[in-house]
Amino acid sequence: AGFIKSPLSQKRLTQDSVELYCEAIGNPIPEIQWWFEGNEPNETYDQLWDGARQDRVKINATYNLHSTSTISIANLTSDDSGMYECRASNDPDRNHLSKSPKVKWIRSQANVFVIERPDIKTQVTGVSGKVILTCNMSAPHPAIEGHEWMHGDKILQTDTESSAFTAYTIEGKMEEHSGVYECVYKANPVIKGQVNISVPPQVMPYKKSEHGNEGDTGVLTCKNPSFPPVSSWIWYKNGQEHIVNGSGRYIIKSSGNKTELRILKLDIEEDTGDYHCNASNSYGFGGATVNLRIRSRLAALWPFLGIVAEVLVLVTIIFIYEKRRKPDEVLDDDDGGSAPLKSNATNHKDKNVRQRNAN
């Protein structure tokens, strides 16, 4: 057996996770095991199993053309620091303890250093139409080579300063820029702080006015693009009547920052009006209004009938006009055609007379 890839030593913070990778080749395909030796004096190697350390250890191995194995440890503590050893062997007697030892296992080692996570104090301040986010990391901490500010996967700002304090300024109101922001310290390992801009729900309807046909299903939708997510949605009809999910013809589906009200078999008299979607979270309340208009089933027929009526009127006018002017046109054609014929006949007669006289 021989190693194709060996695990690499890493530095991590407490509460982080770490992943080590090992790959071996041989014929037959070798078995891979993971062992650990802590930093305490006289501590010996212990084999690690999937689910060890209160289920924080996960081991995934595949044996196809060769052997691959990954060990991951979540929610690291200082006790997880130490030497991790990947062992590989395809010796058929590798697990027999009573037989004389051979070179049964080959080994590859990596150190994992888990250091205490520094405390990061964060603050959000709104001043004169601006929002200022700050992070300040307490000592001791690793050497800092710069900072980044991020919102999701987008990098908002970056620098190469070594200070434990960093700030980011946003133009606008908090309600327009709520969400989760991160201040990232470029160090070994990388250290991140989380800054939340939290506001009451900023509820918006998908459409301020919805239209539906009588007898169909009406769908009204509201959303909340702000942070934190909505914890409770409530629908009202005309601002007073509380709509209960499953009552009558109403079905309400709410999930996080979106809610949907379905009204079955729309009725013009009962369902036309304003519907209010109200949301709440730990920072307050917010709401929006959707106006529902319902058309009769015959509403789509009236434009068609209007077009047909216009065509009939137009055809009738053309027919009457053609009927009235047709006799005049026929008379004009008879008069116009007789004159040239008479003239031609006269010319031929005169020509014949002149020819006979000449003879």
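Even glycines carry a Cβ here, placed using N, Cα and C.
Per TrEMBL, the features are:
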type: DOMAIN; residues: 16-104; note: domain 'Ig-like'
type: DOMAIN; residues: 118-198; note: domain 'Ig-like'
type: DOMAIN; residues: 201-295; note: domain 'Ig-like'
type: TRANSMEM; residues: 300-321; note: transmembrane segment
type: REGION; residues: 329-359; note: region 'Disordered'
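Across the domain 'Ig-like' (118-198), DSSP assigns 3 helix, 48 strand, 30 coil. Averaged across the domain 'Ig-like' (201-295), pLDDT for the predicted model comes to 93.
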